[in-house]
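For 60-255, the entry in TrEMBL reads domain 'Glutamine amidotransferase'. Residues or ranges marked as active site, for GATase activity by TrEMBL: CYS135, HIS240, GLU242. Annotation comment: TrEMBL describes CYS135 as L-glutamine binding site. As annotated by TrEMBL, active site applies to ASP283, ASP443. The substrate binding site feature in TrEMBL is assigned to GLY370, ASN508.
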Amino acid sequence: MEATTAAPFSSCVTPRQNISSSPSSLLLSRKKLGSANLKFKSPRSLSVRASSASDSVVTLLDYGAGNVRSIRNALRHLGFSIKDVKTPGDILNADRLIFPGVGAFAPAMDVLNKTGMGEALCTYIEDDRPFLGICLGLQLLFDSSEENGPVKGLGVIPGTVGRFDSSAGIRVPHIGWNALQVGKDSEILDDVGSRHVYFVHSYRAIPSNENKDWISSTCHYGESFISSIRKGNVHAVQFHPEKSGEVGLSVLRRFLDPKSPLKQKPMERKASKLAKRVIACLDVRTNDKGDLVVTKGDQYDVREQSNENEVRNLGKPVDLAGQYYKDGADEISFLNITGFRDFPLGDLPMIQVLRYTSENVFVPLTVGGGIRDFTDATGRYMYYSSLEVAAEYFRSGADKISIGSDAVYAAEEFVKSGVKTGKSSLEQISRVYGNQAVVVSIDPRRVYVNHPDDVPYKVIRVTNPGPNGEEYAWYQCTVSGGREGRPIGAYELAKAVEELGAGEILLNCIDCDGQGKGFDTDLVKLISDSVGIPVIASSGAGTPEHFSGVFETTNASAALAAGIFHRKEVPIQSVKEHLLEKSIEVRM
């Protein structure tokens, strides 16, 4: 999937085939990362077992476009083993076939046509054999796509896949948990009921008289679009079941074992539209003993105010992520807060955290910290591009990556020159992976001024005056974990990174960080009103009322918190129950 005009983007979160056609990592083949001071044991949870060995094999069509770790983990969690498609014959011989389409429409069709897999796939579907397409795996079934096109599709279903119309007042990409309008005889959606499922895409297919016999559900986002199809044993979904929590696992379970008993839980409230997201953030770093811990800053200071001055330790990252998934977090965000000092891929434990977390956490995972071009200065002096850094994180289980300082530098250059070079980390990663896979993290600090004309940046009238009665302020962006101020405001940065390919903005505020007095709604409103991509409010949450406050007064799509969850001051479920009481749509 895609969304900027600078270059073609992919249709789903995971990488295109021009990153690597090999399941092995580019980076791991160049640099041995097998040794580390920290050891992890992969957490195991109970899984649903297939009834027999012959029934437990699923054929997976991974045509080399990139990471499909999430769907593999989901299938293994359900007790199934995986056979990878290597030849067209493997498709024709499959008992059950899953196509987790990743990448852009045109490159995917090119691979399918050149390998003969497209013809085999059409034959398999025409024979009404068990098939499940996911995201791009649904879109490719249609006649054509407008994504960098028109591009001809497999032609199984009538219709053209087009881009969401942002002029309708919606934010593109469509990211988050939305409701389905399920039709009759949907079969694999029987357990979904009134619950939300997770979408992340910029392109969609529209219902028509020609394809109405295929449609098993629709979803509304500015307009009604096709969220799933079914005809006989052939199924496909636009959402991501492997990232839709227990509801998504039930979709996979019903496809793999149609006779499995329904496990739908009673719902007191029916999902009706795109939900506001509640995100748990884990700031991860090594402490002074060399252990990888979750910490939390007070205005970005993560050390205890004690004689030892040690790094604040709030728990183990894999354990906390697993608990937050069970508690109902809509996404989990990992921030490697020392990533700006050291090259991130020298930190194998952080990569292990992603891998182990993704085995049992089936909601979106974001990772940030140190995503940039860098040279390994530990002795080999090898150069690694930001694409390689991002590729390793995606292959390790991340669904989105968050770029901080490097995006600030790119935005500064773009504001000065007005030219998109295509060389920045932000531009390269969004071009290859899709803008919906790239979050830009903004770390601004409030600067009070007496008059709007005092600085050449966007100035707003603030709700709470400054220390000397100042009624105005601008928000200065920082880099290196808030240590260095830059000559660019949050407003200017947000507008620039949207142009350069960001699909989402994580909006922090150094002044509010760790204070527990609420989000800076002046800042959140400024930015969320200024861009057409989703904005995540961050920094300052201390009570459930702070979440409802930011959603009621701004256009934030999500709100993120850390310390109040880590310290068990406010449970995630309490936040969501409060939001429901305020008539704010959330996933329960």
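Each residue's number is its place along the chain shown, starting with 1.
Glycine is treated like the rest: Cβ placed from N, Cα and C.
Curation does not apply to TrEMBL; its annotations are automatic.
The structure displayed is predicted, hence computed values, not measured ones.
Neighbour list (GLU242 (active site, for GATase activity), Cβ cut-off 8 Å, at least 6 residues apart, same chain): SER70, ILE71, ASN73, ALA74, PRO100, ILE134, GLY248, LEU252, PHE362.
When the CA atoms are compared, the recorded positions lying within 10 A of HIS240 (active site, for GATase activity) are CYS135, out of the candidates CYS135, GLY370, ASN508.
Cβ neighbour count for HIS240 (active site, for GATase activity) (all protein chains, 10 Å cutoff from its Cβ): 26. If you count neighbouring Cβ atoms within 10 Å for each of the active-site residues ASP283, ASP443, the highest count belongs to ASP443. The 10 Å shell around the Cβ of CYS135 (active site, for GATase activity) contains 28 further Cβ atoms across the protein chains shown.
The subset of active-site residues (CYS135, ASP283, ASP443) lying with their Cα within 10 Å of the Cα of ASN508 (substrate binding site) consists of ASP443, given in sequence order. Note: the CA-CA distance between CYS135 (active site, for GATase activity) and ASP443 (active site) rounds to 33 Å.
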